[in-house]
Structures are given as structure tokens and as C-alpha cells.
Amino acid sequence: MIMLNIGPFSFHSRLLLGTGKFPDFDVQQKAIDVSEAEVLTFAVRRMDIFDAKQPNLLEKLDVKKYTLLPNTAGAKNAEEAVRIAKLAKASGLCDMIKVEVIGDDRTLLPDPVETLKASEMLLEEGFIVLPYTSDDVVLARKLQELGVHAIMPGASPIGSGLGIVNPLNLSFIIEQATVPVIVDAGIGSPADAAFAMELGADGVLLNTAVSGAKDPIKMAQAMKLSIEAGRLGFEAGRIARKRCATASSPLEGMSVVE
């Protein structure tokens with residue numbers, strides 16, 4: 001398969017995995033291992049990365065094996081998002097940042113105006129910017145025009161498990177994209193992840209679908225395989241949809257024994 005390229009980074013795996021809500025660290029680590037994810041995301045605000053006395057994800061993971069993608073979860077405006085991103089950078093983490101500016105506490109949908117503003121400000125600061133956005137086609141294009149390094153449209157609200165509720169809009173975003181499209185949020189099953197890849201997405205970022213599963217380790221493996229299958233299917237090219245049947249076996253040139 002073709003590698004996933006985001007800014008200066010190249011990855012074999014197209015599964016980006018969140019690190020929150022796992023039952024315990026052992027389950028988390030095993031799930032990460034079987035997923036073969038190379039990019040791990042986490043909320044900067046949920047860790048005291050400057051306090052050595054406070055245990056956190058970075059202490060327990062072999063961070064040299066992964067590319068870390070800190071996110072600005074908890075930010076309510078562009079200024080807060082930029083502040084969180086700078087905190088992550090100052091701690092020595094990757095310059096790549098997932099911009100997350102929530103505009104509605106009930107749906108956890110992103111604020112389009114503040115997301116645009118934060119993305120522009122962080123690009124000016126030299127960050128590799130991956131904004132979490134809705135399935136708004138125009139907003140995705142405007143983010144792309146700013147120069148972001150990937151676009152991360154939600155399939156449905158964060159943690160909902162509803163899957164891809166608007167595949168048409170998602171397909172429009174993918175068709176117009178000149179940067180990678182990573183489907184983020186709302187994935188609930190391996191079928192959802194495979195569908196995203198079949199639509200032409202470059203990758204899938206998920207967390208709750210794995211960490212909240214009855215068996216997170218098995219689900220991590222299932223997501224890995226479904227994303228690989230969906231991508232292979234997209235690269236192979238599906239047959240055209242037709243209204244009428246077409247015989248799969250040739251009828252001409254066959255001798256009929258009476």
C-alpha cells in the first residue's frame with residue numbers, strides 16, 4: 001500500500017489511535033501493540049507534562065516507537081488552542097498538533113471560526129497543523145487554503161459510535177482535498193472504519209471505539225485489519241454500480257449437451 005504522508009512524516013499504518021479511556025495501562029499498551037498504530041494522540045490538558053511527580057502516558061510508553069500527536073482538547077477559542085499547542089512544543093513533543101476547538105458542549109462539534117483562526121495562528125508559528133473539523137465541505141476547503149497539513153473531519157459526534165452519518169459530504173471533502181483527509185470522531189465499528197477508507201480517506205483516527213469495546217485488544221486488531229482492507233479496496237477500485245444484473249459467467253461460446 002501507498003504510505004500515509006503528513007507534512008514531513010511518512011507512516012505505514014493509516015490508523016491513528018487515541019490513548020484515553022482505556023481500563024488500565026496494560027490493556028492500553030496491548031491494544032496499541034496489536035493495532036500497529038504509529039501515531040498516538042493525547043490531550044495535553046489531561047497531563048501535567050512538566051511535573052515529574054505526576055504519572056502520565058509519556059512515562060509509560062516507549063515514545064521513540066511512536067509519533068506523538070498532542071491535541072488541544074479543552075480549548076474554547078483560538079487563543080487557548082495556541083497556548084496549549086505551545087505548551088506541548090515547549091515540553092519537547094512533536095511540532096505536529098491536532099487543533100481541537102469545541103464550540104458546543106452538548107454535541108462537542110468544533111467551532112468553525114475559532115478552528116480557522118487557531119489553525120492560521122499555529123501555521124504562522126511553524127506547527128504542523130491537523131485541524132479537527134465537521135463535515136462542512138466549505139470549511140474543509142478554507143482550512144486547506146490556509147495551508148494545513150491534513151484535514152480531520154468528524155464522521156459523527158465524538159464518542160457517539162454513530163459511524164459515518166453524512167458520507168456524501170465526506171466524499172466531497174475527499175474529492176477536493178490536496179492534503180490527507182483523516183476521518184476523526186464517531187467511528188463505532190470496524191465496518192465504519194472500512195467504509196471511511198473505501199470512500200477514499202487517507203486514514204482514520206479513533207479512540208472510544210477501541211478503549212470502550214468489551215475487548216479493546218481484539219477491537220484494536222479488528223480496526224487495523226478493517227482499515228487495511230478498506231484502503232486496499234479503494235486502491236483496487238470497486239466495480240461500477242448498475243441497476244440491472246450482469247452475468248458473471250460467459251454465455252457465448254459454450255456448448256450445450258442435450
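A Cβ is built for glycine as well, from the same backbone N, Cα and C atoms used for every other residue.
Here's what Swiss-Prot has on this protein:
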- K98: active site, schiff-base intermediate with DXP (ACT_SITE)
- G159, A185, G186, N207, T208: 1-deoxy-D-xylulose 5-phosphate binding site (BINDING)
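Maximum C-alpha to C-alpha distance over the listed 1-deoxy-D-xylulose 5-phosphate-binding residues G159, A185, G186, N207, T208 is 9 Å. With the fewest other C-beta atoms within 10 Å around its C-beta, T208 stands out among the binding-site residues N207, T208. Cβ neighbour count for K98 (active site, schiff-base intermediate with DXP) (all protein chains, 10 Å cutoff from its Cβ): 28.
In sequence order, G18, P157, I158, S160, G161, I187, L206, A209 are the same-chain residues whose CB sits within 8 A of the CB centroid of G159, A185, G186, N207, T208, the residues recorded for 1-deoxy-D-xylulose 5-phosphate being left out. Taking the binding-site residues G159, G186 in turn and counting surrounding C-beta atoms within 10 angstroms, the largest count is reached at G186. If you measure from the Cα atom of K98 (active site, schiff-base intermediate with DXP) to that of A185 (1-deoxy-D-xylulose 5-phosphate binding site), you get 13 Å. Take the CB of A185 (1-deoxy-D-xylulose 5-phosphate binding site) and look out to 10 A: across all protein chains shown you find 26 other CB atoms. In three-state terms derived from DSSP, T208 (1-deoxy-D-xylulose 5-phosphate binding site) belongs to a helical segment. DSSP assigns K98 (active site, schiff-base intermediate with DXP) to a strand segment in the three-state reduction.
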